[in-house]
Amino acid sequence: MGTIVISGTVVLVVLGFGNHLYWLAAVALLFLYAQYGRDASSTPSTPTPPPPPPASYQAYRERRDQQAKWERRYRRERPLEARRQQRERAK
């Protein structure tokens, strides 16, 4: 599939020297391939099952603390997204 897209893009670029709309078509083709072509084939068909529960309370606490650390980092690095998510939860 990738070789067809690349060869089609090359043809559109070569034709684009006569008509610049072909260059736009080549860019659109690459964009659509990047958005839908590659990602569709790499996603698994079945979702992965959730991880098993922790075997001990200590493992639970370590996992909980790690999750809290990740959430604090996410809020620190993406404040606008974190605020939007909080507003959605409050509704």
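Every residue, even glycine, has its Cβ placed from backbone N, Cα and C.
Keep in mind that this is a model prediction, so the values were computed, not measured.
Under the heading transmembrane segment, TrEMBL lists 6-33.
If you look up TrEMBL, you'll see 39-91 marked as region 'Disordered'.
Annotated compositional bias 'Pro residues' per TrEMBL: 46-55, in sequence order. Tertiary proximity for the compositional bias 'Pro residues' (46-55) is limited to same-chain residues at least six positions away from its ends with a CB under 8 Å from its CB atoms, namely 62-63.
For 60-71 (among others), the entry in TrEMBL reads compositional bias 'Basic and acidic residues'. For the compositional bias 'Basic and acidic residues' (60-71), same-chain residues at least 6 beyond its ends with a Cβ under 8 Å from one of its own Cβ atoms are 53-54.
The compositional bias 'Basic and acidic residues' feature in TrEMBL is assigned to 77-91 (among others). The list of residues near the compositional bias 'Basic and acidic residues' (77-91) in space but at least 6 beyond its ends in sequence, with Cβ under 8 angstroms from a Cβ of it, is empty.
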